[in-house]
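Pulled from TrEMBL, these are the features on record:
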DOMAIN    8-231  domain 'HpcH/HpaI aldolase/citrate lyase'
BINDING   Arg68, Glu131  substrate binding site
BINDING   Glu131, Asp158  Mg(2+) binding site
Amino acid sequence: MLKERLRRTVMYAAGNNPGLLQNAAIYGADSVIFDVEDSVAVSEKDSARELVYHALKKLKFPCEIGVRINHISTPWGYDDLEYLLPAKPDYIRLPKGESGEEIKDIDNIITKVEEQQGFEPGSIKIMVSIESPKGLRNAYEIASASPRMIAIAIGGEDFAASLKTEKTKGNIFTGGRELFVARSMIVFAAREAGIQAIDSVFSDLRDEETLINEVMLVKELGFDGKSCVNPRQIDLIHQVFTPSEKEIDYAQRVLAVFEEAQAKNSGVIALNGKMIDMPMVIRAERVLANARAAGVYQKEGI
Ligand SMILES: CC(=O)SCCNC(=O)CCNC(=O)[C@H](O)C(C)(C)COP(=O)(O)OP(=O)(O)OC[C@H]1O[C@@H](n2cnc3c(N)ncnc32)[C@H](O)[C@@H]1OP(=O)(O)O
Ligand SMILES: O=C([O-])CC(=O)C(=O)O
Ligand SMILES: [Mg+2]
């Protein structure tokens, strides 16, 4: 599993619902999370854990599957790890992450299970949701705590609750203000640590227009993808995160004129009246890499 694999959508499926576990991966999300945390009532924690274990062991999935465990400070967290790691999820999603120590603790437990089970060392990864001011303050420490870390995410509902405010609907111009600083700081921490940044769920399943606006906002902030809760949100999110034909065409032209400039021993050139130099080249390469990963651009090189 590549650190930089495409994770435009990371969709949750409640771990106590066998139908959801069976079908969640068929809708085209880049990544799916089987949840035994907040979508599962306390009375169902044991049965959900068992259901998720058997789903992971018995079913074949077309995308990567993570498991959101309960936090290790709760009565269920360590049992979730002990019970579910031998079923070899692609990654553990730790909710409400607050320190690098927690990640190191989980890393050590995974290392032991990998040894015991004969799994490839390092094959089980970790993704952490930041859902509190303390987690945000330690975001870089968390993001860089283990080579298993593939992404940090913001859990916006809990984050807003911990601020004693509401999670408003994110929009380019209004709304989402309560998460604006936290979202940016999570992107900064992820980028410094060299891992991905994943935005929070959007809970109003009927409001497609605001979902798209929110995805545009978080893409602009630098996020690689978004958590989601329902299959009908997948295509809308992919639509924003997948480079358009126009973006691909522009990226190709940027790389082509830059190559021309370099042939003339110059590091800067104009394209349609706009200066093109190294930062634009890096962005153009990223657009083409994402387009290739999304299957909308096949050429290697430019
Ligand atoms: C703040 C947090 O912690 S968020 C993370 C935890 N939350 C979750 O895991 C919730 C996951 N999502 C869900 O359970 C559901 O989408 C709900 C409860 C939000 C809405 O459920 P519904 O109103 O039934 O959704 P909808 O009518 O769109 O369902 C259509 C189909 O998609 C399926 N579906 C809906 N959500 C999911 C999902 N997350 N994964 C897989 N399948 C799903 C339904 O089972 C249904 O299938 P069917 O037609 O074969 O019966
Ligand atoms: O990961 C998410 O976005 C869902 C979540 O737990 C939250 O918002 O509190
Ligand atoms: Mg949460």
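Using the three backbone atoms N, Cα and C, a Cβ is placed for every residue, glycine included.
Unlike curated entries, TrEMBL annotations are predicted automatically.
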**Message:** Using a 10 Å radius around its CB, how many other CB atoms surround Asp158 (Mg(2+) binding site)?
**Reply:** 19
**Rounded to the nearest Å - Cα separation of Arg68 (substrate binding site) and Asp158 (Mg(2+) binding site)** = 15
**Item:** Distance, Glu131 (substrate binding site) to Asp158 (Mg(2+) binding site) (CA atoms, angstrom)
**Value:** 5
**Request:** Could you check which of the binding-site residues Arg68, Glu131, Asp158 have their CB within less than 6 A of ligand 2?
**Result:** Glu131, Asp158
**Per DSSP, three-state class assigned to Glu131 (substrate binding site)** = coil
**Message:** Please give me the CB contact count at 10 A for Arg68 (substrate binding site), counting all chains in the structure.
**Reply:** 27
**Asked** If you count Cβ atoms within 10 Å of the Cβ of Glu131 (substrate binding site), leaving out that atom itself, what do you get?
**Response** 25
